[in-house]
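Following: one structure in structure tokens, then a few remarks.
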Amino acid sequence: MATQDADIIIIGAGITGCALGAALGRQGRKVLVLERDMSEPDRIVGELLQPGGIEALEKIGIADAVEGIDGQWTSGYQIFYGDSNVSVPYPSKPNGGAYQGIGFHYGRFVMNLRKALTSTPNVTVTEATVNELLRDETGEVITGVVTSSKKSESPVEYKAPLTIVCDGCFSKFRKAFIDHPIQVTDHFLGLILTNPDYIAPGRGHVILSKVAPMVLYPISSTEARILINYPGKNLPPMETLKKYVLESCVPNMPEKLRPSLKAAVYNDRLRSMPNQFLPPTVNRTKGMILVGDSNNMRHPLTGGGMTVCFHDAYLLSRFISPSAVPDLLDYERILNQMNKFHWKRKGYSFVINVLSIALYKLFTPKNRYMKALESGCIDYFKRGGNCVEGPIRLLGGLDHSPSHLIGHFYAVCLYGIYQYVLSGPALLMPVRIIESLLIFLQASLVIIPYILSEMSS
């Protein structure tokens with residue numbers, strides 16, 4: 001076995017790995033990035049970047065990765081609920097103009113990130129599969145990795161004081177270091193619509209149909225991605241899924257969008273992705289850090305995953321910078337920094353993680369009390385002002401305040417209760433007042449377990 005050295009080994013040249021590698025290389029660290037497959041990836045998620053994620057890219061210095069890929073700037077969302085719809089625009093910037101998100105093909109974006117990575121000083125990128133983590137004689141310290149590749153007949157060892165695992169949502173190294181079980185809540189079915197007839201051009205479309213929530217956003221000048229919720233942990237055969245889209249989803253979406261979705265079922269490949277939730281874990285292993293989706297995942301309904309990953313990359317690079325950790329063999333110092341990093345990241349990760357699951361629960365109501373909350377949420381947005389700007393700042397990754405999230409959530413709850421009590425005949429008002437307690441309880445059961453999960457992890 002041959003040995004090659006670096007200051008830091010990064011496993012995975014995806015969203016987090018590329019951003020982190022670029023940030024560390026610019027600090028003067030000698031970085032080796034190992035990626036199993038350097039060809040353009042093809043996924044149905046990770047195609048919408050919120051304004052907060054763009055801000056994180058700017059801090060790292062690689063914001064130009066969104067350019068030259070036919071990405072489409074978005075100004076917010078249009079939410080469709082029954083026969084009505086409500087506009088949820090991104091807020092204005094302090095110095096003028098408005099914040100924007102951007103939609104793109106995931107693979108094109110990753111290839112741009114890899115270009116930024118490979119052009120960064122002090123960074124080496126190697127195509128190889130990491131099969132094993134090396135440990136020292138005590139078994140307590142990770143000292144490097146063992147890889148295989150098409151270019152080498154025998155395994156190759158790479159050693160470094162610090163190994164950072166960024167191998168994504170299907171991480172093969174996670175299980176040995178994280179005790180939390182991964183929750184699979186449901187699935188997204190993905191299709192690409194060609195030249196759809198947008199109702200609100202330049203905005204993401206959130207369709208709260210009777211069947212399931214659907215999210216649609218542009219990913220090129222001629223294409224839009226639609227993600228359709230399919231409940232349950234297991235999927236039926238593909239023909240059943242196509243029938244579900246054609247017979248249940250198409251009739252329950254805005255009429256202008258129906259032809260393009262119907263055509264996509266016949267012309268595009270219907271793909272699926274499990275929606276997973278994993279609370280974060282403090283890194284306590286000497287010589288190794290888990291970061292990105294390998295450590296923390298949230299529901300993709302709100303499109304906040306990449307925003308969390310880019311903020312993680314930026315923040316982690318600061319916590320292990322040469323000024324913060326001069327000696328990468330000083331494991332106690334690194335572990336202390338990891339504890340600080342874990343709690344510092346709570347601002348943005350708490351908000352995006354909890355909001356993702358809260359909105360998913362609200363927009364897939366299982367009973368009439370949850371339906372009242374869903375309706376209350378839409379009516380809350382319709383009030384305008386801070387009732388719409390506050391939530392979109394949270395969703396867009398621009399507001400990192402957990403208290404603001406909890407405040408808006410319970411404001412939605414109380415407004416939904418208010419609407420519910422007044423919507424029935426006067427004779428039933430006493431009954432509805434009693435039922436309002438059940439609505440409040442349902443709302444609390446939605447959000448409190450995830451708040452506790454975030455704060456205890």
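Any Cβ shown, glycine's included, is placed from N, Cα and C.
Every protein chain shown contributes to the tally, and the Cβ of Met306 (FAD binding site) ends up with 28 other Cβ atoms within 10 Å. As annotated by Swiss-Prot, FAD binding site applies to Ile15, Thr16, Glu35, Arg36, Arg43, Arg114, Val130, Asp293, Met306.
According to DSSP, Tyr77 (site 'Important for enzyme activity') is assigned to a strand segment. Around the Cβ of Tyr77 (site 'Important for enzyme activity'), a 10 Å sphere holds 26 further Cβ atoms from the protein chains shown. The feature site 'Important for enzyme activity' is assigned by Swiss-Prot to Tyr77.
Among the features that Swiss-Prot reports, transmembrane segment is placed at 347-364 (among others), with the record citing sequence analysis.
Under 8 Å from some Cβ of the transmembrane segment (409-429) lie the Cβ atoms of residues 358, 362, 372-377, 379-380, 383, 387, 435-436, 439-440, 443, 447, all in the same chain and six or more residues away from its ends. As annotated by Swiss-Prot, transmembrane segment applies to 409-429 (among others), with the evidence given as sequence analysis.
If one looks beyond the transmembrane segment (433-453) by at least 6 residues along the same chain, the residues whose Cβ comes under 8 Å of a Cβ in the stretch are 279, 353-354, 357-358, 361-362, 367, 369-370, 372-373, 402, 406, 409-410, 413-414, 416-417, 420-421. For 433-453 (among others), the entry in Swiss-Prot reads transmembrane segment, with the evidence type sequence analysis.
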Same-chain residues at least 6 apart in sequence whose Cβ lies under 8 Å from Arg43 (FAD binding site): Tyr106, Gly107, Met273
Listed binding-site residues (Ile15, Val130), ranked by Cβ neighbours within 10 Å, top entry: Ile15
Same-chain residues at least 6 apart in sequence whose Cβ lies under 8 Å from Glu35 (FAD binding site): Gly12, Ala13, Gly14, Gly17, Arg114, Val125, Thr126, Glu127, Ala128
Integer Cα-Cα distance in angstrom, Tyr77 (site 'Important for enzyme activity') to Met306 (FAD binding site): 18
Helix, strand or coil at Ile15 (FAD binding site) [DSSP, three-state]: helix
Annotated FAD contacts Ile15, Thr16, Glu35, Arg36, Arg43, Arg114, Val130, Asp293, Met306, maximal Cα-Cα distance (Å, integer): 23
